[in-house]
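The structure appears below as structure tokens.
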Amino acid sequence: MAQLCDTIIHAHCIVTQNKERVILYNGSLAITSGNIVALGPKEEICSFWDAKETLDLCNMLVMPGLINAHTHVAMTFFRGLADDLPLMEWLKSYIFPIERHLTPETVRWSSLLGYAEMLRTGTTACLDMYFFEDVVFEAAIKAGIRCTGGESIFVFPSVSCDTAKTALEHTKKMAELYSDNTRINVVVNPHSVYTTTPQVLSQCIEVAEECSLPLHIHLSETTTETQICLQKYGLRPVSYCRDLGILTPRTTLAHVVDVNLEELTCLAEHGCVISHNPSSNMKLASGVSPIPEMIKRNLSVGLGTDGAASNNCLNMFMEMGRCALLHKVYWNNPTALFAQTVLDMATLGGAAAIHQPKLGVLAPGHPADLIALDMSMPNLQPMFNPISHLIYATTGMEVFLTMVEGEILYYNGTFTRFDYDSLSNEMKKVSHWVKEKLQLL
């Protein structure tokens, strides 16, 4: 007698991302209570399982949802505002001044827009750092996406918290509030070494240990950051963070561009996770993170878009393609990063970055966080190698379905939890608000 499950999905091709990197053709998977309970040939699944709902995606490729390993999702309101500038000028002349005027409502609508873009292009989880992070979480709950995040922590007052202590207390309250929410996870988010002090970073470590929370920080993003750290503390950023105790297996480091081989070995020895943000680093001319050297040292590396202000999109398919091509040309080696390696970064590496190892793979016992792509699109035919197409040919617009914990959040042009037209109208108001604030600079 067949067992009953909630949903069965049939697909032309299933990219599992399991340990063997199995690609299953004419396969199916069964889902119950948000988790995958079976995966295999269509005939086998149909003979053992009956479903309340069946999705026949016969022309489609099903794969794990992508994981954005570093972003500032609410910064969609900055998209296209300040381009073609170096990082420090970009931050000090545009980003920080306008952020002083932020309101929770601006963050709410801008976050929801960011999540809409993510879901539309196949992202099911992200690692976020911003202000009014409780509102960022509320928008994530509205959209249904997974969000790991926390309040940005600075030594100086921010628009949402007057002190680092206040930001840390807020972080602790959010951790308690969302402790039972499977899609919301809290991290301790010190912004960087140049916007904090040793005392602030030590306080961040204490809270992370006290509450058993991961820690997420921008590190070694530019040579300017390195110079600032050397001038202030007589150490390069990696050594500075090592001596403070920042570097642990529960720490995710965003960017990690201006590093030497000795520092990479140090990061590997401490088990840190890296978030690579190639588009942002290219746009701001921050440099190129030595990803091949990291992989040689068995460092876990995720892939992130950074914020829409410095990318200018939150599309992980575009990020994968840029990542692969950047390293080929930078290292003058077409094998510097293989397509499979880049896909691993956007799935399994992302799961490591948000410290949720069950994500990034389609297998029994794992959450049903998945996406389906229409492989009949002109740019995806013919298909000899699915992994090649995912990295070098897919744009993200082929995404037909996005699912988190077995729940469909995007399906064939429609978001299931919110009205996109209403969101678009709200963003027009946000755009006017930004223009008003620009006049104050």
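Think of each number as a place in line: the chain as shown, counted from 1.
Heads up, the Cβ atoms here are built off N, Cα and C, so glycines get one too.
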Further Zn(2+) ligand in Swiss-Prot, beside H70, H72, H218, within candidate set D6, D134, D306: D306
Spatial neighbours of H191 (substrate binding site) among the binding-site residues H70, H72, H218, D306 [C-alpha, 10 Å]: H218
8 Å Cβ shell about H70, H72, H218, D306 centroid, Zn(2+) site members excluded: T71, M129, A254, H255, S275, N277, S280, G304, G307, S310
Inter-residue C-alpha distance, E221 (substrate binding site) and H70 (Zn(2+) binding site) (nearest angstrom): 13
Binding-site residues compared (H70, H72, H191, H218) - the one with the fewest other Cβ atoms within 10 Å: H191
